[in-house]
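K.L.:
So that we are looking at the same thing, I have put the structure below in structure tokens.
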Amino acid sequence: GISHGVQKINGIALQSSEAENALMAAKRTFRQLFLPGMIAILADAVGFITLLIIDIGVIRELAIGASIGVAVIVFTNLILLPVAISYVGISKRAINRSKQDAVSEHPFWRLLSNFASPKVAPVSIVLALLAFGGGLWYSQNLKIGDLDQGAPELRPDSRYNKDNAFIINHYSTSSDVLVVMVKTPPEGCSAYPTMSAINELAWKMENTQGVQSAISLVTVSRQMIKGMNEGNLKWESLSRNKDVLNNSIARADGLYNNTCSLAPLLVFLNDHKAETLDRAVRAVQDFAKQNSTPDLQFLLAAGNAGIEAATNEVIKKSELTILILVYLCVAAMCMITFRSWAATLCIVLPLVLTSVLGNALMAFMGIGVKVATLPVVALGVGIGVDYGIYIYSRLESFLRAGLPLQEAYYETLKSTGKAVLFTGLCLAIGVCTWIFSAIKFQADMGLMLTFMLLWNMFGALWLLPALARFLIKPEKMAGKVGNSLFSH
């Protein structure tokens, strides 16, 4: 919201130096910025709406809530703000400063305008390609799911994670439980073939790397049979006698359902790291493939580790699809708006670079892609497209006025560059304070969001004009009315 608000205020301040009154300045700004603002907001909304394709309830709820929040910005920032300013107006001091800025030379903006120069633009493109290649290569290390033991929201040296590590290192149990559900016909869970298969699966799981122990009704049955035989360890095994088996599980009613058609196998894991979950799930799937029959099925999964494993699987399948869909939707809207492939590429390519470098940063920091981090992708694209659309819409208007590319970009920076720079810095300063949080997840997200916000701003100011140098022909645009929506 702050991005669009700053652009509106900046536009009204510029128009107030030429308009007769605040109402006229607000009207002119509304006509000038409503369409680019609307397209940018729609792009923001599309970024979140695409999350709906992920079959995870909490992500869908987040997508709906964020999309509604973005839609509200259309009313508050694009409509209500100009109306409010038409009554309040801009101070004379601000108007005079705006007039002075419009005619005075700005060394900083003049320096940044060199990004569009014939000498600097090729260097920028080469650097961007190197950054893209390096980011793409390093982002191969990006993992799905949690990458740390214990609670990922807390730091490794937190009291909870220290206690959790002590329990795991000294006891055959943990808080990470994968539950395999063994399904049989009614009264079939206590049959010897079923119990034997569960026992075999438990043995296989206990010999899988990352597994602490496994408990099921077989565990209770073996202990009870041993107890009924004076505690002799030789009797700690399954009996083929049905009556003995039924008697041995009489006190294990919490490990099977009322009809004895479902018996869970509780697998206690060392942690819930992505590779640990993958190994455990793969071991169960391999066993089920070899031993499942119509009357005996091994089903995944319950327990907190089982749910996380299923979540990781869904995210792994959807991550690339979402990223492609987000960019296709943003590119389609840019194409509809500007009716130019060159304009679309100038806006979208810096966002692609941001996503690649963001993934590389996540891999470097040891942050996995999961429910909590996936929306950062949509947020990064949404914020970045705001900058690109506002900058390109102003750049296009100056190019149609007949200015050379570098001079047109200089005028663009004078009119809207300050708003883009202020927005990026303001948002980044707000979230960078999270880096010092005692909560590891908040600190990681603070660093990630700070990078995304600053790099999106820098990409729009640096890479967009460099791409325009190669993709746009100013001489063909000069003096033309144009086909973009902004020309109507």
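Each residue's number is its place along the chain shown, starting with 1.
Cβ from N, Cα, C; glycine included.
Here the structure is a predicted model, which means the values were calculated and not measured.
Not my notes, these are from TrEMBL:
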TRANSMEM  33-54  transmembrane segment
TRANSMEM  66-90  transmembrane segment
TRANSMEM  120-138  transmembrane segment
DOMAIN    173-470  domain 'Membrane transport protein MMPL'
TRANSMEM  320-338  transmembrane segment
TRANSMEM  345-367  transmembrane segment
TRANSMEM  373-392  transmembrane segment
TRANSMEM  419-439  transmembrane segment
TRANSMEM  445-467  transmembrane segment
K.L.:
Could you tell me whether the transmembrane segment (320-338) and the transmembrane segment (373-392) have 3+ CB pairs under 8 A, leaving out pairs under 6 positions apart?
P.N.:
yes
K.L.:
For the transmembrane segment (419-439) and the transmembrane segment (345-367), does the number of C-beta pairs under 8 Å, pairs 6 or more apart in sequence, reach 3 or more?
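P.N.:
Counting Cβ pairs under 8 Å (6 or more apart in sequence), the transmembrane segment (419-439) does not reach the transmembrane segment (345-367), since there are fewer than 3.
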K.L.:
Could you give the mean pLDDT over the domain 'Membrane transport protein MMPL' (173-470), rounded to a whole number?
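P.N.:
Overall, the domain 'Membrane transport protein MMPL' (173-470) comes to a mean pLDDT of 86.
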